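First the structure, in the form of structure tokens, and then the observations on it.
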Amino acid sequence: MSTSLFRATPVARSALRAASAVKPAATFVRGKATLPDLQYDYGALEPYISSKIMELHHSKHHQTYVNGLNSALTTIVEAESKGDFTKAASVAPLLNFHGGGHLNHTLFWENLAPASREGGGSPDGALGKAITTEFGSFESFVKQMNAALAGIQGSGWAWLAKDKAANGKLALITRANQDPVTGNFVPLLGIDAWEHAYYLQYENRKAEYFEAIWNVINWKTVAKRFEA
């Protein structure tokens, strides 16, 4: 799946950087963020993630972040055209929230694949070796990731990331709400801990969702990000 996100004007790109928001490596399309297509049907991840969850999560929740990001970018461009930089700056929280939500979910969909295809199992090659080196074993990594997810208060994400400042060493980090992974860290694998990602199927049993999602992780896409 392409990681195309949006085409921004120079003014909007400047505002994005100033707000410490999303820094996508993107091909830009028509000045608007767009909802990415999935490379699988909504029901393809069952029984681990239900068709109804996937439909709502992708077509409703992610679309809301797309709409919010476009609205924030439009507000910034209009405000700066009028010299109202206070108004432009006031949109920074919305830019971070909706821009982060758009980027996080775009990466999330790419991280998933049906268990009958590329989903599940464990990574091999350079990524598999790096996980074993950093976490002791793949099984230990999964336990640590699940513990990090369970420890998120409220809504957020847990990420396997590559630390560019530490020669590509792997790190397990969490982010609140829709805050994107930025700075020296490169996001490799993110798991959504918001209730909308699991509640219709797992209700309050979110630990079951954290266990189940490993059956549909697409390690090929994670490995490509790691080796890039």
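Heads up, the Cβ atoms here are built off N, Cα and C, so glycines get one too.
Record features, source TrEMBL:
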- HIS57, HIS105, ASP192, HIS196: Mn(2+) binding site (BINDING)
- 34-113: domain 'Manganese/iron superoxide dismutase N-terminal' (DOMAIN)
- 123-225: domain 'Manganese/iron superoxide dismutase C-terminal' (DOMAIN)
Note to self: When secondary structure is assigned with DSSP, how many helix, strand and coil residues does the domain 'Manganese/iron superoxide dismutase N-terminal' (34-113) contain?
What the structure shows: 60 helix, 1 strand, 19 coil
Notebook entry, point to check: Taking HIS105, HIS196 as the binding-site residues to compare, which has the smallest set of other Cβ atoms within 10 Å?
Noted result: HIS196
Next item on the list: Could you tally the C-beta atoms, other than its own, that fall within 10 angstroms of the C-beta of ASP192 (Mn(2+) binding site)?
Entry: 23
Notebook entry, point to check: What other residues of the same chain, not counting HIS57, HIS105, ASP192, HIS196, have a CB atom within 8 A of the CB centroid of the Mn(2+) site?
Noted result: HIS58, HIS61, HIS62, PHE108, TRP194, ALA197
Item checked: Residue distribution over DSSP helix, strand and coil in the domain 'Manganese/iron superoxide dismutase C-terminal' (123-225) -> 52 helix, 26 strand, 25 coil
